[in-house]
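Straight from Swiss-Prot, the features:
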type: BINDING; residues: 36, 273, 367, 394, 472, 480, 531; note: substrate binding site
type: SITE; residues: 36; note: site 'Important for catalytic activity'
type: BINDING; residues: 76, 125, 126, 127, 167, 196, 273, 421, 448; note: thiamine diphosphate binding site
type: BINDING; residues: 166, 196, 198; note: Mg(2+) binding site
type: SITE; residues: 273; note: site 'Important for catalytic activity'
type: ACT_SITE; residues: 421; note: active site, proton donor
C-alpha cells in the first residue's frame, strides 16, 4: 500500500497540537472531577505523531476494513484517545462528548469501550488486556494478508499500534502475548511504551526494577529507546519510521516521559495519575505551558491542520475500494471469501453441515463430536481459526485440513498458543474485533478458565464473538483429580452477563450449541464438553438448543394431564435424568425430562414458552448436574431438589467418582420420590 501522504506541521504548530491534546485531557477530567490526566499529558507527543503523521484511517467511516488499528492498552488514559479522535474528525467524539467524560450515557466512558465509541478498536482498562488484544489484531492482519493478497493486490495491509504503560508491562498476560507476537514474527505490530516510572503506589522502584529493554530483546522484539518523550516528536517520528522498516518482528519503542508533564507541582508524582489536577494546578499548568485558551478550545490553526484527515481518509478508502473492485474481477472466489469476513455475512446453507444423530448412532464424547462439527464449519466459514493452550489433541480443537499458523506459514488456521491461557483469550478478542466474519476459537480444560477469566469477561463486555471450547467438564475426567475437575465453573459463567454457557449432552445438542455460537454475533459462547463417552439420546434436537431448554420426553402429555415430577439435566447428566425418568415411569409416575442446555438462551424465551417447558403448576422438580448446585433454585423452586457437587472432587476413576458423589440414577430417583 502506498504510504500515507504526511504533512508534518511546523515545529511551533506541532507544539501547539501536542498542548491541545494535553489541555483537552486536563479540561475533561476537571469537568468530570475524576479521571486520569497524567498519562495523556505525558503521552500527547506520541499521540500526535501517531494519529497526525502515520495512521491511516477514515474518520467518517471508523469501520473501513483496511484502516490502521490503534489500541490504548493503558486504558485509564482514555482522554488521550478521545482527544485524538476529536481532533481527527470522528463524529463519535464531539466537544459535548469530551464535556461528558465518565458520565451516564456518554460516548466517552472512563476506559475505552469499542461498543460505545466508534474509533475505539478494543475495550481496555484491565492492564495488559490491550497489548494482548492488539496481538490478536496483528495476527488477523498477517493471516488475512497471507491468504488473500496477490501480486499487485495488497488488499490487506495495515499496522497495529499500541500505547502501553508500566502497569501493562507488569501484568503477566502482556508477557504471554508479547512472547507469541515475536514467535509469530508480527512485523506490523508497533508498541510504544510510556516509560514514566510512576504507579499508584509511587515510583516503579517499589515493585518494578527489571530491564524491560533486555526482556523484549530476549523475547525477540526489535527495541528502540526514545529518551525524550516529553517534546521529542522528531525522535518519536524517527523511531516509528525505523519500526516500520523492520518486517520480521514486532517493535517495542520505549518512550521515556514525565507523567503530568507541564503541571508545576504534580508532574512526575503519583498524585497526577488518577486525580484531577484541581483548579489551581490546572491554571498553573496553563501558565507554565503558555496556554491562554478557555477550556476545551481547539485553536484555529490546529483545527485546520487536523481537518485534512477527513478528506485524506475518504481518499484512502476510495482508493482501496477501487482496488478491491479490481480484485473481485480477477479473483472472484477469494474476494467473496474475504468479503464475508469483512461483513460477517454467513454463507447460504451454512447450516447444512450439521449432522443429525439418532440413538442408533454410537455414543461418543462431546469433545469428539465437537471436533467433527468444528471441521464441518471450517469447510464453510472462511473466517474460522483458532487453537488450544497446549492441549490440542485432548481438546480435539483443530482443523484437519489446515496446517499451523506460524511465522513462515501465516495463512494456516490452526493456532498453537502454548500454555498461555490468558493471552489466548485476549488474542482471540483481538481476532474477533478485527472483522465481523472472523470467528476465533480457543480451547483448554474447563477448569483452566481460571487462568483466562479476565479475557473472557472482556469478550462478553466487548460483544466479541469468541468461541470457547472447554473440555473435561466435570469429575467425569476421572483420575486427574480435583485440581483438574471443575465444580464451581458453570455457576460462575452463568453469572457473567452477555456470554452463552452451553453444555450439550450428545451429538444433536453439540451441533445446536455450535449453531447458537455462530449465530450470536455479539457475544461469546462457551461450549462445555465431556471427555467421557455419552450416548445419543432420544428426543434431543438442534432446534431445542436454540431455545436453551426443552422437553426431551414426557409420558404425561395429552388432555389435561400434567407430570408428577420434572427432571432437569445438562450435559453428561441428561442421560442420568433420562434413565431416572424411565425408572420412575415403571412405577407409574408421570415424568417430564428437560434439557436445560443453556440458561441464558432459555431466559430469553417468552414467558409463554418457558411455561410450556417448566409449568409453574408442577413444583416437584429435580435437577442433576455434576457441578455446584448454586443457582439451580431458580429452576427447581423452593420445593425442588438439586443433585450436584458442592465440594471439590477427588482422584479416582470416573465411574467411582459419580457413585461416591451421588450423581447417579438412583440418587435422582430417590430425590424425586421425596417430593412426589
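All positions are counted from 1 along the displayed chain.
Glycine is treated like the rest: Cβ placed from N, Cα and C.
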Binding-site residues: 166, 480 - member with fewest neighbouring CB atoms within 10 Å: 480
Packing count at residue 273 (substrate binding site) (other Cβ atoms within 10 Å of its Cβ): 21
Candidates 167, 198, 421, 448 (recorded positions) - the one closest to residue 367 (substrate binding site) by CA: 448
Neighbours of residue 273 (substrate binding site) among the binding-site residues 76, 126, 166, 167, 198, 448 (Cα to Cα, within 10 Å): 76, 198
Cα proximity to residue 531 (substrate binding site), best match among binding-site residues 126, 166, 198: 126
DSSP-derived class (H/G/I helix, E/B strand, else coil) of residue 126 (thiamine diphosphate binding site): coil
Three-state secondary structure, residue 198 (Mg(2+) binding site) (per DSSP): strand
Of 196, 394 (the binding-site residues), the residue whose Cβ has the fewest other Cβ atoms within 10 Å: 394
Number of Cβ atoms other than its own within 10 Å, given for residue 36 (substrate binding site): 24
Residue 480 (substrate binding site) versus recorded positions 167, 198, 421 - nearest by Cα: 421
Where residue 167 (thiamine diphosphate binding site) sits in the secondary structure, as DSSP reduces it to three classes: helix
Residues flanking the Mg(2+) site, with Cβ no more than 8 Å from the Cβ centroid of 166, 196, 198 and excluding those residues themselves: 165, 194, 195, 197, 199, 204, 257, 259, 273
Length of the line joining the Cα atoms of residue 167 (thiamine diphosphate binding site) and residue 198 (Mg(2+) binding site), in Å: 9
Between residue 448 (thiamine diphosphate binding site) and residue 198 (Mg(2+) binding site), the C-alpha gap once rounded to whole angstrom: 33
Spatial separation of residue 36 (substrate binding site) from residue 198 (Mg(2+) binding site) - C-alpha basis, Å: 13
Nearest of the recorded positions (76, 126, 166, 196, 421) to residue 472 (substrate binding site) - Cα to Cα: 421
Binding-site residues compared (76, 367, 472, 531) - highest count of Cβ atoms within 10 Å: 472
